[in-house]
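Pulled from TrEMBL:
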type	residues	note
TRANSMEM	50-70	transmembrane segment
TRANSMEM	77-97	transmembrane segment
TRANSMEM	144-165	transmembrane segment
TRANSMEM	171-189	transmembrane segment
TRANSMEM	210-228	transmembrane segment
TRANSMEM	240-261	transmembrane segment
TRANSMEM	268-292	transmembrane segment
REGION	317-349	region 'Disordered'
Amino acid sequence: MGPGFGAGLALALSSSAFIGSSFVLKKKGLLRLCGRARAGQGGHAYLREWLWWAGLLCMGVGEAANFAAYAFAPATLVTPLGALSVLVSAVLSSIFLNEQLNVHGKIGCMLSILGSTVMVIHAPQEEEVSSLESMAEKLKDPGFIAFAVCVLVSSLLLIFVAGPRYGQSNVLVYVLVCSAIGSLSVSCVKGLGIALKELFSGKPVLKEPLGWVLLVCLVICISTQINYLNKALDIFNTSVVTPIYYVLFTTAVMMCSAILFKEWQHMVLNNIVGSISGFLTIVSGIFLLHAFRDLPFTPTLLPLFLQPGRADPHLPWSTADRHQSCQHQPLLPSEDKGSQSAEEEEEEK
């Protein structure tokens, strides 16, 4: 792990912190509007709130840090770490916005941290790409060309064939479009990051046509992503779209990076298993954090021996037997019990 990897990792982590904080700051600014026209009602009073602008600034800083991270660290590492922004947002919302973070959410946060740590430890090493010339050679690779053609053809089929028929009923249609196109946008970001590094080192990058081609492709890809992601969010619940989009998008990026930058070519088996296990752990954490976000979790749902005020596991058996639990209530109702006792008295007489 060279110094460039450390810089990329630090940028990716700071990006998640800034982006996660930006949601809380903007939400806090919107809540301070009181009786003024809210954004959901078509108003723009939030433009006068400094907290909203602070959140927007944090969002810009986080996206810039994420953009720069791709120039130093493998995309297979940077993209999954973006899930930490969801974790930061959930934790800060529970502290500053009084939003509920139930047991499932807390377990999801811990799983996301664990999975991110495992992925950092077993992160793949990509082939060195230090100039636009070497990036151009990578883009000419037959494997990447075949992957890009498959992505474009499948996206067009989803947009023009599957979209009109199943887009309103199946969440995978528009999310697959976002994920597939997103894998190409990450490759464009990686190339532009290399171009910026060369520009700051004094090389005439602005005269290179590849840099401009990557910029145009990035604008097209991001516009397509935003368009179809908004369509998915407008039709389906956010708690359904977000985890599915994260899983499909990250999987597509990992496939694209493995083909383009040969990140998995020189990895040993334990690092491959570690990276995949870390990714699946993050997926599980994000699923728990989103899918059960609105599900109330009360102590009464726990087993009896875990409920507060119930049987103490440290009490001796003789003492514990004296306390009746709800599991040992009589099967007959009280009236039947009274009539049964009366019959027994008559038999004795």
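Each Cβ is built from the backbone N, Cα and C atoms, and glycine gets one as well.
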Contact call for the transmembrane segment (210-228) and the transmembrane segment (240-261): at least 3 Cβ pairs under 8 Å, seq gap 6+: no
Tertiary contacts of the transmembrane segment (144-165) (same chain, 6+ residues out, Cβ under 8 Å): 138, 173-174, 176-177, 180-181, 183-184, 224, 228, 252, 255-256, 259-260
Candidates 50-70, 171-189, 268-292; stretch with most C-beta pairs under 8 Å toward the transmembrane segment (240-261): 171-189
When counting Cβ pairs under 8 Å to the transmembrane segment (77-97), the leader among 50-70, 171-189, 268-292: 268-292
Residue numbers, six or more beyond the limits of the transmembrane segment (50-70), whose CB comes under 8 Å of its CB atoms: 8-9, 11-12, 14-19, 21-30, 32, 78, 82, 85, 186, 189-190, 192-193, 196
Cβ-Cβ under 8 Å with the transmembrane segment (171-189): same-chain residues at least 6 beyond its ends: 67, 70, 75, 79, 148, 151, 154-155, 158-159, 162-163, 214-215, 217-218, 221-222, 224-225, 228-229, 231-232, 235-236, 240-241, 244-245, 248-249, 251-253, 255-257, 260
